Amino acid sequence: MSCPVIELTQQLIRRPSLSPDDAGCQALMIERLRKIGFTIEHMDFGDTQNFWAWRGRGETLAFAGHTDVVPAGDVDRWINPPFEPTIRDGMLFGRGAADMKGSLAAMVVAAERFVAQHPHHRGRLAFLITSDEEASAKNGTVKVVEALMARNERLDYCLVGEPSSTEIVGDVVKNGRRGSLTCNLTIHGVQGHVAYPHLADNPVHRAAPFLNELVAIEWDRGNDFFPATSMQVANIQAGTGSNNVIPGELFVQFNFRFSTELTDEMIKERVHALLEKHQLRYTVDWWLSGQPFLTARGKLVDAVVNAIEHYNEIKPQLLTTGGTSDGRFIARMGAQVVELGPVNATIHKINECVNAADLQLLARMYQRIMEQLVA
């Protein structure tokens, strides 16, 4: 299949860019963007490669994404080696095909076509690309955003190429994301022999009523844009491995995916009040990985919906479900942020794949969005 979007996707997949190793993907993109007049700024932090590229001036539309991928897992279970892209029955297989090298290729090709047709476009077209999204995400988009904000860079609209679609490309657009807050909690007791419980203080027994009450809380009921806040226990550990030792500590890790009905401080206050109610001795460490954000109907959402309706003749759902993305960092700049990408059914799985025709369609959608906002 001869198609610039498919060919570039295959070239990117061949580079095993396990997070945060870019493996040459960004150099490939930069070469293409430089040829059509983009100014490139490398913004590397630590072991992470990032770049910010722009063309033109004025109202700014940025395309954001990541070149890194998750590990392939058991390569023997793949129908083809994960970093050797292959097309079977119209599906392009390879690690990163859907998440998100296909989107990156569609962005670049869309930009090439857009610039060819609008060499003197009125707004500014930009790219914000990182090699650290799948792992810690500490030296990637968040650091670039901080640097851009420090020098008062303008960012009006941002399209993140995360695989938002569920069944056909464009059926779901993410116009926001829930916040994510993790609690690392240690309940302190006194270690001892199980035969002499009066000489010990079992933190598991102590914590059980607290945990029972915690998991039963209805945090909120969501709103028109967000589902209800959820809390899930992710890890729980205690004991020495011996059946005759009362543990001295219990570690519990739980995560909140929260709506705009709450703030992280409100959640923390309620958890601390519950700990005090149950008279527990504890230490706690909180990690806020992202605040909730929402892009209401406006120029960006309207342009995205228009592009999908034009090329796929469907009306997309605007949702805020799912995990976090780098959009949470970009939203801090005051930009309208939307996620539109391919079908996510196989992301992070063995035999990750994407419909090759969908990538061609995605490139046309991206180009139409550019034309509506910065042509």
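First residue shown is number 1, and so on along the chain.
Just so you know, glycine gets a Cβ as well, placed from its N, Cα and C.
Since the structure is predicted, the reported quantities are computational estimates derived from the model, not experimental observations.
As recorded in Swiss-Prot, the features of this protein are as follows:
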ACT_SITE  Asp68  active site
ACT_SITE  Glu133  active site, proton acceptor
BINDING   His66, Asp99, Glu162  Zn(2+) 1 binding site
BINDING   Asp99, Glu134, His348  Zn(2+) 2 binding site
What kind of secondary structure is Asp99 (Zn(2+) 1 binding site) part of, going by DSSP in three states? helix
Using the Cβ centroid of His66, Asp99, Glu162 as the reference point for the Zn(2+) 1 site, which residues of the same chain not in that list have Cβ within 8 Å? Gly65, Met100, Ser103, Glu133, Glu134, Val160, Gly161, Pro163, Ser325, Gly341, Ile347
One should report the C-alpha separation between Glu133 (active site, proton acceptor) and His66 (Zn(2+) 1 binding site), rounded to whole angstrom, as 6
Of all the binding-site residues given, namely Asp99, Glu134, Glu162, His348, which is spatially nearest to Asp68 (active site) at the Cα level? Glu134
Any idea what the Cα distance is from Glu162 (Zn(2+) 1 binding site) over to Glu134 (Zn(2+) 2 binding site), rounded to a whole Å? 12
Taking the centre of the Cβ atoms of Asp99, Glu134, His348 as the Zn(2+) 2 site, the remaining residues of that chain with Cβ inside 8 Å are Val69, Val70, Gly96, Met100, Ile347
Which chain-mates of Asp99 (Zn(2+) 1 binding site) that are at least 6 residues away have a CB under 8 A from its CB, listed by sequence? Val69, Val70, Glu162, Pro163, Asn344, Ile347, His348, Glu352
Which secondary structure state does DSSP assign to His348 (Zn(2+) 2 binding site), in the simple three-class scheme? coil
Per DSSP, three-state class assigned to His66 (Zn(2+) 1 binding site): strand
DSSP secondary structure for Glu134 (Zn(2+) 2 binding site), reduced to helix/strand/coil, please. coil
Lowest local Cβ density (other Cβ within 10 Å) among binding-site residues: His66, His348: His348
When each of the binding-site residues Glu134, Glu162 is scored by other CB atoms within 10 A, the minimum falls on Glu134
